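Residues or ranges marked as phosphoserine by Swiss-Prot on the basis of similarity to another entry: Ser4, Ser8, Ser23, Ser29, Ser33. Annotated phosphothreonine per Swiss-Prot: Thr21, in sequence order. Here Swiss-Prot flags 74-148 as DNA-binding region. Taken from Swiss-Prot, the feature region 'Interaction with RAD52, TIPIN, UNG and XPA' applies to 187-270, supported by similarity to another entry.
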Amino acid sequence: MWNSGFESFSSSSYGAAGGYTQSPGGFGSPTPSQAEKKSRARAQHIVPCTISQLLSATLTDEVFKIGDVEISQVTIVGIIRHAEKAPTNIVYKIDDMTAAPMDVRQWVDTDDTSGENTVVPPETYVKVAGHLRSFQNKKSLVAFKIIPLEDMNEFTAHILEVVNSHLMLSKANSQASVGRPSMSNPGMGEPGNFSGNNFMPANGLTVVQNQVLNLIKACPRPEGLNFQDLRSQLQHMPVASIKQAVDFLCNEGHIYSTVDDDHFKSTDAE
């Protein structure tokens, strides 16, 4: 899948560098000097994220952080909802169903004839690597690589990478902080932090629950979204997981059934 462009978040690569490292032919950045490596190590690595995490990231002294994890270069996986090409760039709206779609800008090399400037069509699932940016309090990504998914298992694998990478980076950051008290309950963390055993976005729902809820919210039909339509849009996800998420959201009052037991609408819908 993406192994050619990434080194995994293994103990060996993590212990040496703190995360994903540059490998030939893949997503990477120019090798920094030794001094830069020491002062900016974590920020130089490509960190798997969800859009929900990126939108909740804080910006202090030109440094983005998710909890205590410093980020700069990130990857996301989602579906293209809209694509618009201009003479110098292509702007995509990418939706991973954990939050509102995020703008992703890819600059166009007008002298390049290799096909890199081809617009990826809407409704295509892609993996994006890029730099997080903020302009007038609106976050976006400047992409240096956008590749369509060949296998929907890559979507699931990305979510697992998100959990794993932030757990490891949070742990390393905690160990590096001199005199920092250890957490009395390692299964719980501050909002936006990733020290817990279960990855939970800011609203307290799991990734699966957020994806299901956002799809139901986005459905404009008066009768709401049909369960079969939900399944077709979440092909990467087991049916049992979708059903569990729907049941949970119903029980918690986030959604309700409408014309029958297979149509659902968000309680936040207008």
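Using N, Cα and C of the backbone, Cβ positions are placed for all residues, glycine too.
If you take every residue in the region 'Interaction with RAD52, TIPIN, UNG and XPA' (187-270) and average the pLDDT, you get 77. Secondary structure of the DNA-binding region (74-148), assigned with DSSP and counted as helix (H, G, I), strand (E, B) and coil, comes to 0 helix, 47 strand, 28 coil.
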